[in-house]
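The feature domain 'PLD phosphodiesterase 1' is assigned by Swiss-Prot to 108-135. Residues or ranges marked as active site by Swiss-Prot: HIS113, LYS115, ASP120, HIS290, LYS292, ASP297. According to Swiss-Prot, the domain 'PLD phosphodiesterase 2' annotation covers 285-312, on the basis of sequence analysis. The annotation region 'Disordered' is assigned in Swiss-Prot to 388-413.
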Amino acid sequence: MKCGWREGNQIQLLENGDQFYPAVFEAIAQAQQKIILETFILFEDEVGKKLHTALLKAAQRGVKAEVLLDGYGSPDLSDAFVGELTSAGVIFRYYDPRPRLLGLRTNIFRRMHRKIVVIDDRIAFVGGINYSAEHMSDYGPQAKQDYAVRVEGPVVADILQFEVENLPGQSPARRWWKRHHQAEENRHPGEAQALFVWRDNEEHRDDIERHYLKMLTQAKREVIIANAYFFPGYRLLHAMRKAARRGVSVKLIVQGEPDMPIVKVGARLLYNYLVKGGVQVYEYRRRPLHGKVALMDDHWATVGSSNLDPLSLSLNLEANLIIHDRTFNQTLRDNLQGIIVNDCKQVDESMLPKRTWWNLTKSVLAFHFLRHFPALVGWLPAHTPHLAQVPPPAQPEMETQDRVDPENTGVKP
């Protein structure tokens with residue numbers, strides 16, 4: 001399957017769970033035939049319970065609902081939580097679940113990291129927001145800053161087709177000779193255009209990265225990238241510096257208060273290279289950044305699940321929406337500019353690691369280790385990921401007057 005640019009879409013930017021969850025729950029309530037939902041994380045908290053209620057009501061009124069969760073990201077849902085949904089007819093699957101070893105989750109590579117919802121053939125959501133209370137602004141200092149899009153229009157059919165073709169037993173045959181795809185060209189740029197792109201470990205291994213590279217090559221005035229886990233390969237780093245050196249304003253927003261310390265260490269390894277090359281780097285300080293968005297000039301934008309790190313670019317299953325629309329671009333720009341002004345600290349010369357031989361050696365070693373990490377993982381014993389469907393709970397046998405206990409063949413009193 002290969003998607004093209006679709007015209008005539010209605011695309012809405014959603015910021016954080018405050019906007020995303022009400023929109024998803026409303027769409028589920030309006031569903032008439034089909035709901036497909038896949039996510040990396042679903043927690044059994046306030047948000048998860050609201051999603052549970054929405055799906056249960058939809059299934060009870062006859063809507064076919066399918067849920068796919070990642071076996072690493074969502075390992076701890078209770079039997080009661082899942083069983084109530086499967087009893088109502090919801091098809092509930094885990095992507096590549098694995099048993100724990102000494103209480104630890106071991107299935108950390110090649111995860112299903114997409115966040116997609118499709119309602120009938122009318123509405124779709126694509127983004128980076130999971131289903132947990134930590135995506136709500138009232139969660140506290142650790143509330144995540146993130147984005148998604150709600151879309152109606154022709155591109156929804158592409159997203160639905162992708163979901164249907166990737167259901168169990170429907171995966172297309174592997175075609176190793178078609179692994180490398182050029183970024184789809186928008187030959188007739190206009191408004192309200194959208195392109196659905198994804199990353200897998202078969203034919204579409206670097207599709208999302210190619211669109212970033214193409215965007216940086218074509219940029220004329222401005223690029224803003226906000227990415228939670230930023231540690232891309234040399235090609236993308238070089239493209240950012242090259243754009244900045246030809247006069248493009250290139251701004252990068254990364255985590256200043258990361259949820260994982262190694263994220264900050266990894267990003268700071270690149271500060272010298274980027275800042276010396278003219279890239280403006282900003283650390284988001286208000287709370288953890290979880291977004292994966294970018295824009296270029298006054299028309300191009302992307303929102304999705306893909307980070308710019310080795311896991312997302314080389315191992316995980318990801319999905320983004322590429323958008324060509326001036327109104328959407330301006331909406332996203334206003335949001336990111338507000339973040340830069342109000343919640344970021346620009347990285348200046350005083351914040352750069354000192355250029356010592358020891359720091360240079362550490363940076364080179366760490367950089368090459370992280371960049372070659374996917375290849376190292378490839379040496380581990382490989383297996384084919386599988387989807388595990390959760391069956392409905394067994395119904396208890398009904399007691400009747402005519403039932404005879406097999407342990408007691410005598411007559412009941």
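Each Cβ is built from the backbone N, Cα and C atoms, and glycine gets one as well.
For the domain 'PLD phosphodiesterase 2' (285-312), the list of distant contacts is 13, 40, 109, 111, 113-115, 126-129, 135, 141-149, 189, 197, 199, 208, 211-212, 215-216, 218-232, 236, 253-259, 266, 318-326, 328-330, 332-333, 336, 339, 342-345, 370-371, 373-374: same-chain residues at least six beyond its ends, Cβ to Cβ under 8 Å. The domain 'PLD phosphodiesterase 2' (285-312) scores a mean pLDDT of 95 in the predicted structure. Here the CA atom of LYS292 (active site) lies 26 Å from the CA atom of ASP120 (active site). The two recorded residues ASP297 (active site) and HIS113 (active site) have their Cα atoms spaced 28 Å from each other. Within its own chain, HIS113 (active site) has PHE40, ASP70, GLY73, SER305, SER306, LEU311, SER312, ASN316, LEU317, GLU318 as residues 6 or more apart in sequence whose C-beta sits under 8 angstroms from its own. Within the same chain, the residues at least 6 positions away from LYS292 (active site) whose Cβ sits under 8 Å from its Cβ are GLY128, TYR147, ALA226, ASN227, ALA228, VAL303, GLY304, SER305, SER306, ASN307, LEU308, SER312, ASN320, listed in sequence order. When other Cβ atoms within 10 Å of the Cβ of HIS290 (active site) are tallied across all protein chains shown, the result is 24.
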